[in-house]
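What TrEMBL says about this protein:
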type: ACT_SITE; residues: B:Lys206; note: active site, proton donor
type: BINDING; residues: B:Ala9, B:Gly10, B:Leu11, B:Gly12, B:Thr13, B:Val14, B:Gly15, B:Ala16; note: NADP(+) binding site
type: BINDING; residues: B:Lys106; note: NADPH binding site
type: BINDING; residues: B:Glu191; note: L-homoserine binding site
type: DOMAIN; residues: B:349-427; note: domain 'ACT'
There are 2 protein chains.
Amino acid sequence: MSELKVGLAGLGTVGAAVFRMLERRAGELEARTGRTVKVTAVAARDRSRDRGVDLSSVAWFEDPVALAREGDIDVFVELMGGDGDPAKAAVAAALDRGIPVVTANKALLAKCGVELARRAEASGAGLHFEAAVAGGIPIVKTLREALAGNAIERVSGILNGTCNYILTRMADEKLSFHVCLTEAQRLGYAEADPTFDIDGFDTAHKLAILTSLAFGTQVDADAIYVEGIRQLTLADLEAADDLGYRVKLLGVAVKTDTGIEQRVHPTMVPKHWPIAQVSGVTNAVAVDGDAVALTLVGPGAGGDATASAVVGDIFDVARGAKGYAFGLPVERLARAERAAMQRHEGGYYIRLAVVNKPGTAATITRRMADEQISLESIVQRQPGGVVPSDTAHVILITYATTEAAVRRAIAAIEADGVVASLPQVIRIEKD
Amino acid sequence: MSELKVGLAGLGTVGAAVFRMLERRAGELEARTGRTVKVTAVAARDRSRDRGVDLSSVAWFEDPVALAREGDIDVFVELMGGDGDPAKAAVAAALDRGIPVVTANKALLAKCGVELARRAEASGAGLHFEAAVAGGIPIVKTLREALAGNAIERVSGILNGTCNYILTRMADEKLSFHVCLTEAQRLGYAEADPTFDIDGFDTAHKLAILTSLAFGTQVDADAIYVEGIRQLTLADLEAADDLGYRVKLLGVAVKTDTGIEQRVHPTMVPKHWPIAQVSGVTNAVAVDGDAVALTLVGPGAGGDATASAVVGDIFDVARGAKGYAFGLPVERLARAERAAMQRHEGGYYIRLAVVNKPGTAATITRRMADEQISLESIVQRQPGGVVPSDTAHVILITYATTEAAVRRAIAAIEADGVVASLPQVIRIEKD
């Protein structure tokens, strides 16, 4: 029975969870693959730290690049994170040596995915990254393998647990964004500097990877339009609820007449969609193919969930599974074009804080008509404390139109002097 | 570039959809696997029938067993159905020849899965059956590959679209079981003889396969406790709704102290569970592992969805994916023991149509107390037309207890003479 020697770079929460899972499941993995899977070498900074795992029989490397380049290993597992060295150098070194790599590093893949896939192809080593997107949800395997018969039309997902936690608490408990953010930080769901999560960049990294797998494009996070959840108010979430929607931070990649549109922004989704009902830190990905539409729901982060995805990839390496990193040879991956959001077509939710005087509604509806925008509904509301009482909220839901038309109409309304503060615009996603 | 020659037995809705999908995706499949995937031989009964596909360059076999035994093919795709010959003989012949098999035939696998897996192992040919369970949902791949790092604790699913369609319409539109069944038949969601679907046997076939994959047991549909949805009334669904539950026909396999319990029955699930929100003919499978909990939602039937799963398997064959049919070598699969339902532990919904006289509630609660059953709630209701007006419904929700205790308590209440018609018992599934 041949051995699969695992080299593990990074022994934080996920690394230690992977180590323990491989020990716990050793017998099963051997029965299922015919190989004994064993961590034989690790790289981490502090040898003395107690991680709750027995490292006595394991070779220790201070330098992960040295482990990747010289370690007596059959697979290199990168769990250090960071989009530069040493993670990148280590992954490259392993691939160049022909050693398959398993990584959970979304930032690295979003930035250097194409280059690393090229190195993998050149040496014939596999590059596996199930854990990099949506944690424990097997969406990479689903797109790369299970849906091979489908032409994908849209991938959309709740890919950031922090944002979904905040939005869920705001909606369920009628709390402000800032209260929920503070609560998320207290519970360890958000960083002290939450920018990366709440401004949508983490979602964009993951979406870039999904887009490549779904549409055969080169991973390119810079091609994504990104908007975060900072500006969302409870008034918006309540209005969405009344109108039959929930507001989620979605990453969406969709095939349009002009190419693949990649975008991350708060989105109103119909309540009856499975994805609308995903609450808290849970993640979900919906895939619309020409033959099937699937929704996968599960934990997007955490040591055990991420370790589950990493060990699934190690299992694939052990049984000799072959395949291109992003499904296709690198030379076949098309360039990703930056989303032309002005051309985006869809329904819109627009909330305007307006001066409470006669003729305001007429002004607004005229400007919408000027841009050929049809309105599904228009509601005027007296808001609570947030806005001075001589203003009201006008909430518009449009039928499908273009971003450019919406922006022009709003600019015209602002020029008319009836708007009291910054308008809120939320895109609506429908079937 | 080597060719993968596909032999297709069965050219009904699914077979024709597979044929078209392989043509449509030929370029993609070649780019992704390095092989040209092409149907080179088919077996079907009526050569003259127009199936909307061009069979002119394809070898024609009247006999699927001859195709499997003698066809110049690299993979045998069985889409005939039926748990006996010719499907079984054809699959066996292909496997014995060392030719991998892709099948959508749940009945065959439920009955002969172990034998066929043994043949596959003996010759080294793969046996693939993603399409046999939950149609387009990649649950076989998820259990067999993605979750290899997890010890599975429970698998539960909505595995029959007919039943879920009926239950959804009953609950949403306040209709009777019989009206919804007739409607399902009219729309082609239910057969003229609906027994196989609505009495739970179809769900049991699929559950038997999932149990084997999740828990490493031998497929054995006879080990499953099966109850269908025929006896459910609108009153039950409405009471469930009031209590925060939905009623679904679930297949459940769960690890208990005494072994793997496999059961199919109407189940009350908390409304907030993703699986509770799955409506219409859609299927869903929830997997609870020790590291992750996932829910997968998608189409459980239909030509395109089934073809998607079949082509996903053909893709795996083309890229040379290896693995045991049920994850483990056959010799390692444990015997499945028949669920000892009397020992089942959980919460219960009990609806009793009782004689409307003083002391009835006292009788009922005393009998429950005699069996050490704690009640979470007890509600008395005056039902509409179904039951004569001198009776009332008493609805009990119990805390966790055993099936045996519930059955004994009900028998005692019946012996007390306060029950006007057959009691309704629905098991509750919780976290």
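Each Cβ is built from the backbone N, Cα and C atoms, and glycine gets one as well.
TrEMBL does not curate its annotations; it predicts them automatically.
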B:Leu11, B:Ala16, B:Glu191 screened against B:Lys206 (active site, proton donor), Cα within 10 Å - retained binding-site residues: none
Other CB atoms within 10 A, centred on the residue listed as 'NADPH binding site': 25
B:Gly12 (NADP(+) binding site) to B:Lys106 (NADPH binding site) - Cα separation in whole Å: 16
Pairwise CA distance, B:Leu11 (NADP(+) binding site) versus B:Lys106 (NADPH binding site), rounded so that it is a whole Å: 17
Long-range Cβ environment of B:Gly15 (NADP(+) binding site), under 8 Å and at least 6 residues apart: B:Leu8, B:Ala9, B:Val42, B:Ala44, B:Arg51, B:Leu79
Integer Å distance between the CA atoms belonging to B:Thr13 (NADP(+) binding site) and the residue listed as 'NADPH binding site': 16
For the binding-site residues B:Gly10, B:Gly12, the one whose C-beta sees the most other C-beta atoms within 10 angstroms: B:Gly10
Residue, out of the binding-site residues B:Ala9, B:Ala16, whose Cβ gathers the largest set of other Cβ atoms within 10 Å: B:Ala9
Rounded Cα separation (Å) that holds between B:Gly10 (NADP(+) binding site) and the residue listed as 'L-homoserine binding site': 20
Site of maximum Cβ density within 10 Å, from binding-site residues B:Leu11, B:Val14: B:Val14
Secondary structure at B:Ala9 (NADP(+) binding site), reduced by DSSP to three states: strand
Packing count at the residue listed as 'L-homoserine binding site' (other Cβ atoms within 10 Å of its Cβ): 13
Between the residue listed as 'L-homoserine binding site' and B:Ala16 (NADP(+) binding site), the C-alpha gap once rounded to whole angstrom: 21
Fewest Cβ neighbours within 10 Å, where candidates are the recorded positions B:Thr13, B:Lys206: B:Thr13
Mapped DSSP class for B:Glu191 (L-homoserine binding site), helix or strand or coil: coil
Averaged pLDDT, computed only over the residues in the domain 'ACT' (B:349-427): 89
